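The compositional bias 'Basic and acidic residues' annotation in Swiss-Prot covers 1-11, 26-41, 687-699. The feature compositional bias 'Polar residues' is assigned by Swiss-Prot to 89-102, 127-136. Under the heading compositional bias 'Acidic residues', Swiss-Prot lists 213-227. Positions annotated as compositional bias 'Basic residues' by Swiss-Prot: 700-710. Residues or ranges marked as domain 'SH3' by Swiss-Prot: 612-673. Under the heading phosphotyrosine, Swiss-Prot lists TYR179. According to Swiss-Prot, the feature region 'Disordered' maps to 1-143, 194-236, 687-710. Residues or ranges marked as region 'Regulatory region' by Swiss-Prot on the basis of similarity to another entry: 1-273.
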Amino acid sequence: METRESEDLEKTRRKSASDQWNTDNEPAKVKPELLPEKEETSQADQDIQDKEPHCHIPIKRNSIFNRSIRRKSKAKARDNPERNASCLADSQDNGKSVNEPLTLNIPWSRMPPCRTAMQTDPGAQEMSESSSTPGNGATPEEWPALADSPTTLTEALRMIHPIPADSWRNLIEQIGLLYQEYRDKSTLQEIETRRQQDAEIEDNTNGSPASEDTPEEEEEEEEEEEPASPPERKTLPQICLLSNPHSRFNLWQDLPEIRSSGVLEILQPEEIKLQEAMFELVTSEASYYKSLNLLVSHFMENERIRKILHPSEAHILFSNVLDVLAVSERFLLELEHRMEENIVISDVCDIVYRYAADHFSVYITYVSNQTYQERTYKQLLQEKAAFRELIAQLELDPKCRGLPFSSFLILPFQRITRLKLLVQNILKRVEERSERECTALDAHKELEMVVKACNEGVRKMSRTEQMISIQKKMEFKIKSVPIISHSRWLLKQGELQQMSGPKTSRTLRTKKLFHEIYLFLFNDLLVICRQIPGDKYQVFDSAPRGLLRVEELEDQGQTLANVFILRLLENADDREATYMLKASSQSEMKRWMTSLAPNRRTKFVSFTSRLLDCPQVQCVHPYVAQQPDELTLELADILNILDKTDDGWIFGERLHDQERGWFPSSMTEEILNPKIRSQNLKECFRVHKMDDPQRSQNKDRRKLGSRNRQ
C-alpha cells in the first residue's frame, strides 16, 4: 500500500516538473493593460515587427564591444567598397531596423534628395541609422573617420537640391566679361597659380621632406591636421578661374547656394577642384556665347555693313557664324539644365562628347575658311574706305570693350581649342577608372579629332596657295620636278651660304668661295636654287628628303662658325653630292639641321617612352610662328625642351597636343621644380593613355614604312 502511494507521489512530482518546464519555454502571454508604459510601447513595437517579414530588434550598438567592432568594419568598408556594398545588400534582404523609416513604397523620383543620397551610400545610411536613435549614434571620435571616408564624396551628394532656374540665369547674365577678356585673364591666372604651386613645393622640398617621416609620425600629423581641414579646403588654389571681384565672375564655391548648403564641409579638396573645372567650362561657354552674339548683332547684322559689302564678300567674311551661334546656344542651354539639376555638378563631359560628335562640324567649316577670311578682311580695309571707317566706329562702341573686330572673327577657333584644354583639366581631376573618366576621355578624343580637322582645313587652304606661288617662281636648270602635290607642303625656306672649290683653296682670306644659295625644303623633297632677278629662283639640284644627311663641323674659328655639311645620297643626276653650308647664326644652323634630317634615333620614338625628367617651360607671352618650322604659342602652354641654342631659341614639344617647333626662349619661363615637371608629364600621360592601340600601331607601321622607303 505504501509502495503504491509512493509511486503515485513520484508520478505527481514528475508531472508538475514537466508542466513547469513547458511553462518556462512558452512565450509569455501578458495582457497589455497589465504592462507598464515602457513595456507596453515595446510590446506594440514587437507586434508591428511580427507583422513585417524578416524584421528583428536591433542590438545595443553603443556598447564598448560594438563600438570597437564598428570601427573595424568601417575601416574595412573604406578599403573595400565593393564588400561594403554587398554587406549592405545582405542587410537589406534580412530586414530593416525599427529605428529606420520605411521608404520602400515611396517612388525614387519623389524621395527627398538627402534621403536618396544616404540610401545610395552605405556609409551615409549607417550614419543616418546610428544618429536617428539616442544612445545608438556614432561617438565623436568616430566622426572624423567617417567624414574622411570616400563614400561621403560625390556618391553621397548626388542629390542635394537643384539650383533655381532664375538664380542660374541671373548668374549667366551677370558674367560681364567678353570671351576675349575671360580667356586672357583665365590663362594669366593659370600661369600665376603654377608659379605659386612651384614656389610652395620648392619651399616644402627645402624643408624636411615628407618621405622621411615614419608612419607613426604621419598618422600623428594627420590627426593633428584633421580638425583644421575644413578651413584649408576653402583656401584651395584657384584653377584657371578668375577670382577678381571686379570682374563680376564667381567661382563655384562662392555661389550663395553652395555656401548655404554646407557641401564645402563635406566634399574633399579634389572633388572641389573638379567642381570648379566643370563650372569653368559652363561659365566660359556663357562668356563665349555673349561675344559670339555680339559679333552677329553688332557687326554682321549692321545695316551699313550690309550696304557696303557685296553678298559674296560678306559670306567670306562671316562664313557660317550663324550656324556656330546656334550650336553654341543649344550647347549652353543643355549645360544650364545640367547645372539646374543639382548644386553639385554630376558631369558635363557627356554633353561635350555628344555635341563634339554630332554638332561641332560647324567649327570645321568656319575655321577652314580662315585663310580666305583674313585675306578678304585685309583687302576690304585697303580698298574700301567706307568699310574701314565703319569698322573703326563700331569698335569704339562700349559693348566691344576696346577689342578689335578681328578678335571677334577668330572666336570659334579659339573656343574649340580652349574647350579641349578645359576637358583635359576635368580629366586630370576625375577618379581613375571611373565612369566620369571614361566619359571625359571620350569627349577629349572627339574634341581632338575636331581640332585636328580644323587645323588640317586651315593648312590645306594655305598650303595649296603657297605651293602654287612657289611653282610660279621656279625655273629649272635641270630636269623639271613637279612641285604641286596634295601630299606635299613646305617645311622651311631660306638663304644659306655655300662654300665651293677644293679644300686646299678654302682659306680664310678667300671670301669669294662663299656663294649664296636658296633652299626650299618640303616634307618629302629638297630643292636647291639660286636667286635671280625678278623674284625668281633657278633650280640646279634636288633630292628626296629621305636621302639627306647632315653633319656639324667642329669649331674651326669665327669664319667657319655655324657651318655644317649636307650630303645628298642621290641627287637629281642620280649621284651623291656634298654641300658645305654656313648659316647666319647658331640657331639658324640647328634649325636647318633639324629640318633637313631629324635625329633618326628619336624621330619615331613614342611620346611615352621619353625620359621623365625632361626640362620644361611654360608660355608667359603669346607667340605667332613666323616660319613653317616655328611653333605658335598660347599663354599657359607647357612644353618639353628637346633642344636649345645659345642665342635664345628653343626646340620644344607642347604637351597637350604633342606639336613640335622652334620658339624664342624669351616667350617662356622654365619650370625648375622636378615635382611639378613630373606632375605635368603624369597628367599628360593620363590624357593620352586611352589612345586606340590599333590606330597607334597602324600609325607606327606607316611611319616605319616611310622610313624604309627613304
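Note that Cβ sites are derived from N, Cα and C of the backbone, with glycine treated the same way.
Note on the region 'Regulatory region' (1-273): its mean pLDDT in the predicted model is 52. Spatially close to TYR179 (phosphotyrosine) yet at least six residues away along the chain are SER284, SER287, TYR288, LYS290, SER291, LEU292, LEU411, GLN414, ARG415, judged by Cβ distances under 8 angstroms. Broken down by DSSP into helix, strand and coil, the domain 'SH3' (612-673) contains 3 helix, 29 strand, 30 coil.
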